[in-house]
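Before any comments, here is the structure.
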């Protein structure tokens, strides 16, 4: 066996130490748990800056009204230079956009590299790198750093390491689970995104009273610890543990192991897929562009929902920033249910495009109703926000998980299993460009009209659904053909019985 294949199949040191003789179900559970906590940490550290903004630029809390800034002086006695100036919010916005721009660009390269090296090591590098540079951002508090470019560069490098996470975890999970239940499994597993957002919000907010630097340092330590656990225990694929995925038994002949996500009879090939070749896989481009608009909507809510709630009369009253932040987590709770439902429905129908497009079309009236009636009362706001989160995050979760894994093992690859990370990176990287554009446009549009912002979001949801039209038609045609074939077979069987 080639040396490169041995490197890819090497067992994690922790499993070598403890013998590594568990069952298939044991390893699948281990993979789900480790990757779940790994990506929860990525989102936990990503959420910190949106919470700490109020400490860096207090004008976002105490100096803003519907008619503009109440403060006109150049600086305040509170906050942190250079963010506590009249341009503080703009500077923080530039850091957010720079982070997301590097993250989306890095995603394409990360997937390409991930298909060419041990994903366990690659994921560990991403986690430790993110932890280090997130800590360095917070270290500006203790080192008394007031240079905008220090914080900008640190966040950009952090975005580069963050881009390693998603292609790696999806590829590892895809290696261990077959296609039949992939949508449901990954829908449940994808709750890590919302749980990471909620955990990051609560932890960072709690630590703010000790100094904003701690809001970065403590989550980073947690992420570094989880990263070491991943390095010690994460099995990248069944081959590493010498398991035949079909029988669930040990198989010492590694050359004949079949990939769990391929059709029967297709043997694993270990030549990584090129970037342009991955783009040409049927379905990659439409789903990538669909995710562009889907993430534009989702990330606009991620970055702006607490602000929108605190600046909108609900039941005739304005909520405090703390209450608005807590209330905004309902959107993430709805997103968890949406991801599970989308995965389950797509498994039952065996129709990823139909499910994703249907959810995006349903998101349009949900957005309209939330904008129109969400201000009537707190109960209406919670209910409509939950429904909106369900329809917005459902297709987002489905496309970034089950769809990416499906396309990463498409039949056009002729059994090549080493395209998962590249395809995942292309799809989520394209989506991340939309994730950067949505919040940026909202910053400009919201100053004039929030109704215009929601119009933009509804238009994006419509375009996301329309981009899948060709795939939806193909799935519908396939189902009609399948039903016709089944009816013909049943009729022939009935005729034979009569004869």
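Using the three backbone atoms N, Cα and C, a Cβ is placed for every residue, glycine included.
Features of the protein shown, as given by TrEMBL:
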- 26-45: transmembrane segment (TRANSMEM)
- 31-477: domain 'Major facilitator superfamily (MFS) profile' (DOMAIN)
- 90-109: transmembrane segment (TRANSMEM)
- 121-142: transmembrane segment (TRANSMEM)
- 148-177: transmembrane segment (TRANSMEM)
- 189-208: transmembrane segment (TRANSMEM)
- 214-234: transmembrane segment (TRANSMEM)
- 279-302: transmembrane segment (TRANSMEM)
- 322-341: transmembrane segment (TRANSMEM)
- 353-372: transmembrane segment (TRANSMEM)
- 378-399: transmembrane segment (TRANSMEM)
- 420-444: transmembrane segment (TRANSMEM)
- 450-469: transmembrane segment (TRANSMEM)
Segment-segment contact (the transmembrane segment (148-177); the transmembrane segment (279-302)) at 3 or more Cβ pairs under 8 Å: no
Outside the transmembrane segment (279-302), six or more residues from its ends: residues with CB under 8 Å to it: 50, 100, 197, 331, 335, 353, 356-357, 360, 363, 367, 388-389, 392-393, 395-396, 399-400, 403-404, 406-407, 410, 412-413, 419, 423, 426-428, 430-439, 442, 453, 457, 460-461, 463-465, 467-468, 470-471
For the domain 'Major facilitator superfamily (MFS) profile' (31-477), mean pLDDT (0 to 100): 82
